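Visitor: Please find one structure pasted underneath; my questions will follow.
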Amino acid sequence: MNALSNRPFLKMNGLGNEIVVLDLRETGHVVTPAEARAIAGDARSHFDQLMVLHAPKTPGTDAFMRIYNTDGSESAACGNGTRCVAWALLKDGTRDSLALETRAGLLPCRRVDATTFTVDMGPPRLKWDEIPLAEEFRDTRMIELQIGPIDAPILHSPSVVNMGNPHAIFWVEDASAYDLARIGPLLENHPIFPERANISLAEVRSEEHLVLKVWERGAGLTRACGSAACAAAVAAARKGRTGRRVRVTLPGGDLLIDWRESDGHVLMTGPVELEWEGRFAPELFAGAA
Ligand SMILES: N[C@H](CCC[C@H](N)C(=O)O)C(=O)O
């Protein structure tokens, strides 16, 4: 019998970003890519990201998280999923803050109200080899991509930011003018991104407002991507196009992003929703190693 058979899970969403939360803190089991794909392949437990909780590694933290995309690949950051985990661990109401950890670092979380949470996503990493990029660019506010005839020239000059995962932000006048489902996979897998990248189309509506559509590495089009909202806010502020506090509108709704002046950390605030609780049917893992 597979270690995940009959395990309880939470199906949640963070602004429409489909999230499954799986608590394995009391087992040593590490989900394999094949198991993650099997979970994603079932309608009841389909996800954009699977957030798996493991026993804490650092004193003072509540859990170490591994984060899986639909294709079974791993990410070290997921803003919307982190809010969902914060909800799940704080729902008994005895505390209103906690700290989570991924291989990218610590993520302090705070409850704002019953369904709204703020996550400290840490400082952005901005050097070319931290994104990472395959070749040196001294200024990551705008890099030049050599690409075939994808679309308009503007899609050749993204800003790049690492928020625990790699992001490329393409500045556009009208995101709906682009077929992101077609160009997303080409850009995600461009050789300049040795670890692939999450691809955003961003409109600057005002000094306090961005509109974003995201093609996610390993998951495709999603209704929201928290780390992309953080990355776009940082990139817009670095370009002088917005201040350090912005509202970011995604297809699923709005996130508030604050690139805190005092320590350079990025704070993300937004909602969570519990959809249902389930258990993994043993048949799910029949073919999964
Ligand atoms: N949806 C997530 C990000 C997933 C990133 C993942 N697609 C990757 O970097 O591999 C968020 O809310 O931040």
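The backbone N, Cα and C atoms fix where each Cβ goes, glycine too.
Keep in mind it's a predicted model, so treat the numbers as computed, not measured.
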Visitor: Among Asn6, Asn69, indicate the single residue that TrEMBL lists for the substrate site containing Asn17, Gln49, Gly79, Asn80, Asn165, Asn198, Glu216, Arg217, Gly226, Ser227.
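Guide: Record source TrEMBL; matching candidate: Asn69.
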Visitor: I'd like the Cβ neighbour count for Asn198 (substrate binding site), meaning other Cβ atoms within 10 Å of its Cβ, all protein chains included.
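Guide: Result for Asn198 (substrate binding site): 28 other Cβ atoms within 10 Å.
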Visitor: Just counting, how many other CB atoms are there within 10 A of the CB of Asn69 (substrate binding site)?
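Guide: Here the count is 24.
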Visitor: Would you give the longest CA-CA distance, in whole angstrom, between residues of Asn17, Gln49, Asn69, Gly79, Asn80, Asn165, Asn198, Glu216, Arg217, Gly226, Ser227, the set recorded as binding substrate?
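Guide: Output for substrate binders Asn17, Gln49, Asn69, Gly79, Asn80, Asn165, Asn198, Glu216, Arg217, Gly226, Ser227: max Cα distance 16 Å.
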Visitor: Taking the mean position of the Cβ atoms of Asn17, Gln49, Asn69, Gly79, Asn80, Asn165, Asn198, Glu216, Arg217, Gly226, Ser227 as the substrate site, which residues outside that list, in the same chain, have a Cβ no more than 8 Å away, listed in sequence order?
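Guide: For the substrate site the neighbour list reads Asp48, Ser75, Ala77, Cys78, Gly81, Val214, Ala219, Thr222, Cys225, Ala228.
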Visitor: Using a 10 Å cut-off on Cβ-Cβ distances across all protein chains shown, tell me which of the recorded positions (Asn17, Cys78, Cys225, Ser227) has the largest neighbour count.
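Guide: Counting every other Cβ within 10 Å of each candidate, the maximum falls on Cys225.
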Visitor: Over all shown protein chains, what is the count of other CB atoms within 10 A of the CB belonging to Asn80 (substrate binding site)?
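Guide: Taking all protein chains shown, Asn80 (substrate binding site) has 33 Cβ neighbours within 10 Å.
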